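Just below is one structure, and these are the notes that go with it.
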Amino acid sequence: MIQRHTGLVLAFDVDWDVEKSIMFLNGISDLIDAVKIGWYQLLTIGPQGIKELTDSVNKYFLADFKLGDVAHINEYVVRKVYGLGINGLIMHAVAGRDNLATAINVARKLGVDVYLLISMSSGGELYDRNLDYNVSLGMSLGVSGFIVPATKPNVVRQVRSMVGSNYQLLSPGVGVQGGKPGCAIANGADFEIVGRSIINSESPRQAALNILNAIRNPISCS
Ligand code: C5P
């Protein structure tokens with residue numbers, strides 16, 4: 001599980017080299033609880049670069065490959081990301097019970113958390129039609145939590161009321177995608193995942209501080 005201090009997870013969607021990435025992350029590390037990495041890192045700095053990041057930055061690393069393949073591929077990915085120093089990963093509920101179960105069992109043995117994606121921040125209507133089923137599926141498989149979009153406050157509230165306090169809710173879609181900073185947490189999420197509003201800012205630290213301020217003092221969230 002991600003330890004909550006600030007409530008902010010950085011979506012680190014950048015194609016920077018390892019050195020620049022480490023410098024940026026160390027400069028903002030005290031303001032965030034986790035770093036979400038994914039295709040950008042895999043396709044630019046590669047697995048070795050990811051390993052260098054996890055070795056150099058003392059933070060929880062969440063791998064977002066939105067994994068949703070058949071069982072043996074999912075298991076391979078879980079084992080590989082574990083070897084790269086990753087602490088948690090995101091899987092697509094749409095992969096279905098059997099394909100998820102294999103990977104989640106392996107992840108549990110390795111100490112890697114699995115967060116289940118059950119709603120997209122934009123589109124994803126097939127998910128929203130099957131919300132109850134996917135939440136129950138995740139709970140029965142023993143995931144650590146769920147990805148619920150800040151752009152759909154009713155989904156955040158609904159999922160929180162279904163899962164109680166034993167599962168972490170991570171909420172992307174804050175800022176550029178339209179979710180108001182602070183409101184996903186006000187609606188029941190544990191963490192807000194923010195990328196471009198911080199990364200593309202002239203002052204990433206200040207942008208992160210502004211979001212933390214909104215998390216502490218949410219205004220007009222519905
Ligand atoms: O830049 P921005 O803050 O919009 O980034 C949002 C991040 O959250 C991206 O890394 C995106 O892949 C991720 N995400 C999302 N919606 C989901 C799941 C993940 O936007 N349902």
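Note: Cβ is positioned from N, Cα and C throughout, glycine not excepted.
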Listed co-binder of substrate (same site as Lys36, Ser121, Gly195, Arg196, source TrEMBL) among Asp13, Asp69: Asp13
Across all protein chains in the structure, which of the recorded positions Asp13, Asp64, Asp69 has the highest Cβ count within 10 Å? Asp64
So which of the recorded positions Asp13, Lys66, Asp69, Ser121, Gly195, Arg196 sit close to ligand 1, that is, with a CB under 6 Å from an atom of it? Asp13, Ser121, Gly195, Arg196
